[in-house]
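As structure tokens, the structure follows; a few thoughts come after it.
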Amino acid sequence: MSNNEKRLAGEAAIRYVEDGAIVGVGTGSTVAYFIDALADLRDRIQGAVSSSEQSTAQLKKHGIPVLDLNATGPLSLYVDGADECDPYKRLIKGGGAALTREKIIAEASEKFVCVIDSSKKVDLLGKFPLPIEVIPMARSLVGREIAKRGGQPVWRDGVVTDNGNWVIDVHGWQIADPAALENDLNQIPGIVAVGLFARRPANIVLIGDRLMD
Ligand SMILES: O=C(CO)[C@H](O)[C@H](O)COP(=O)(O)O
């Protein structure tokens, strides 16, 4: 993992911000560099839609208005990090437990610019344990369903998401068909969101300040 590459990626994403935009903002240490750089454009944008309390605090500290997605309508741009990225720009996200709001904003955005360092690039998703946000009462049920599918569920004990839910990290999956797995898991009652971004992959990936093909 390279903090320098994270900084370069976060700062490079600024080039996609257009005057007057409302920018969707993800969560994590790479996006934190983007938010710091966005502060310089504060007077040229309308504001941001934030994916977490953590990013909201940082945006507000910089005087960037934080807007409600219900009031903004579709967004032109979403900038966020990832835990893994495959050659098709499909992602694993949720290491920071913000996956549900991240997924909502990604879905609402026309362009998703993903900012990563080179350690996140993989051929096959799944070495990073797959985060799944669950309604607390469904934790054991979801765990059993994951085990039936060959995964090892590990409860992220002590972590409560911004939505008041819990996170299960699934170890041991080499994900050959991310869209099929995402679709399958989304049918299990109690799962709020799966940290797989296959049906809505990134459009652009910046590894440091370099564009991924
Ligand atoms: O999905 C996320 C948070 O839920 C983050 O984007 C992901 O964990 C990457 O974080 P970082 O930029 O700190 O490496």
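Placed from the backbone N, Cα and C atoms, the Cβ positions cover glycine too.
Among the features that TrEMBL reports, active site, proton acceptor is placed at Glu102. Taken from TrEMBL, the feature substrate binding site applies to Thr27, Gly28, Ser29, Thr30, Asp80, Gly81, Ala82, Asp83, Lys93, Gly94, Gly95, Gly96, Lys120.
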List those of the binding-site residues Thr27, Ser29, Lys120 whose Cβ lies under 6 Å from any atom of ligand 1, in sequence order, or write none if there are none.
Thr27, Ser29
Which residues of the same chain, at least 6 positions away in sequence, have a Cβ lying under 8 Å from the Cβ of Thr27 (substrate binding site)?
Ser51, Ser52, Gln54, Ser55, Asp80, Gly81, Gly96, Ala98, Arg101, Glu102
Proximal but sequence-remote residues of the same chain as Ser29 (substrate binding site) (Cβ under 8 Å, at least 6 apart):
Asn3, Lys6, Gly81
Near Ala82 (substrate binding site), which residues of its own chain have a C-beta under 8 A away, given they sit six or more steps off in sequence?
Leu91, Ile92, Lys93, Cys114, Ile116, Lys120, Phe197, Ala202
